[in-house]
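As C-alpha cells, the structure follows; a few thoughts come after it.
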Amino acid sequence: MLRTIFLLFLIFALSNASVQDFCVANLKRAETPAGYPCIRPIHVKAKDFVFSLGIPGNTTNIISAAVTPGFAGQFPGLNGLGLSTARLELAPKGVIPMHTHPGASEVLFVLDGYITAGFVSSANSVYVQTLKPGQVMVFPQGLLHFQINAGKSPAAAFVTFSSASPGLQILDFALFANSLPTELVSATTFLDPALVKKLKGVLGGTG
Ligand SMILES: *[C@@H]1O[C@H](CO)[C@@H](O)[C@H](O)[C@H]1NC(C)=O
C-alpha cells in the first residue's frame, strides 16, 4: 500500500518536474550580473550550443597576439552554465599583457608552440612556467597573469573559464589607456610622470 502511494507520488512529481536545463542567452537584451535573460526553449537550436574556435585570430597588432572569446556574448548556449572558452594566438614576440579576469579562474591548454605563462598571488608570490604543447596551466580567479610566446614560431592555446562572463581587465590599459590624470597615475604607481605620459601616448590615454 505505502509502496503504491509512493510510486503514484513519484509519477506525479516527475510528470510535473520542469528542470531548467539551460538558459540560451537573449543577446538582444542587456547582460545582468546573473547573465543574459533566456530565449524561450522553443526557439533554442543546436547551433546555440556550438561555437567555432577553429580560425586563428589576427596577430597584426601592438601585442602581436589575439584572443578570440567564446563568452556568453558570442556563444549564447553557455549563458548561465558557469563556464566559457576562448582561443589564444601569440605570434613570435607576442604577449598577452598582465591582466585579470575578475569573475573566473582560467585553464590554458597549449596547442602549438611554447608559452611562458605566470601569475602573481595576492600574497605577492610569483608562479611562472614555460609550457609546451599538451600542457595545461590554471590561473586562479582574480589574480594578475600573463602569457608570452617563448619560442620562435607562432603559439596557440585554448582557454576555458569558470564563468560565462569572466571579464577582462588589462593592467596597462587601466593605468595608461584612459583619462586618469598623469599626476595621479604617477603618484599611485611611483612611475616617473614622463614615462606615464609616454605610455599614455602609446596606448591612447589622455591627461
Ligand atoms: C590583420 O590585421 C591587420 C591590421 O589591422 C590588417 O591589415 C590585415 O588585413 C588583417 N589580416 C587578416 C588576414 O585579416
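Each residue's number is its place along the chain shown, starting with 1.
Even glycines carry a Cβ here, placed using N, Cα and C.
Taken straight from TrEMBL:
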type	residues	note
SIGNAL	1-17	signal peptide
DISULFID	Cys23-Cys38	disulfide bond
DOMAIN	51-197	domain 'Cupin type-1'
BINDING	His99, His101, Glu106, His145	Mn(2+) binding site
BINDING	His101, Glu106	oxalate binding site
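Secondary structure of the domain 'Cupin type-1' (51-197), assigned with DSSP and counted as helix (H, G, I), strand (E, B) and coil, comes to 22 helix, 57 strand, 68 coil. Fewest other C-beta atoms within 10 angstroms, among the disulfide-bonded residues Cys23, Cys38, are seen around Cys38. Following the DSSP three-state reduction, the secondary structure of Cys38 (disulfide bond) is strand. The Mn(2+) site is set by His99, His101, Glu106, His145; from the centre of their CB atoms, other residues of the chain with a CB within 8 Å are Thr100, Ala104, Phe119, Phe139, Leu143, Leu144, Pro166, Leu168. Following the DSSP three-state reduction, the secondary structure of Cys23 (disulfide bond) is coil. Counting in whole angstrom, His99 (Mn(2+) binding site) lies 29 from Cys23 (disulfide bond) by their C-alpha atoms.
Of the recorded residues, Glu106 (Mn(2+) binding site) and Cys23 (disulfide bond) place their C-alpha atoms 22 Å from one another. Sequence-distant neighbours of His101 (Mn(2+) binding site) (same chain, 6+ residues apart, CB-CB distance under 8 A): Phe139, Gln141, Gly142, Phe161, Ser163, Pro166, Gly167, Leu168, Gln169. His145 (Mn(2+) binding site) and Cys23 (disulfide bond) are 31 Å apart (CA-CA, integer value). Within 10 Å of the C-beta of His99 (Mn(2+) binding site) we count 19 further C-beta atoms, all protein chains included. Neighbours of Glu106 (Mn(2+) binding site), defined as other CB atoms within 10 A of its CB across all chains, total 23.
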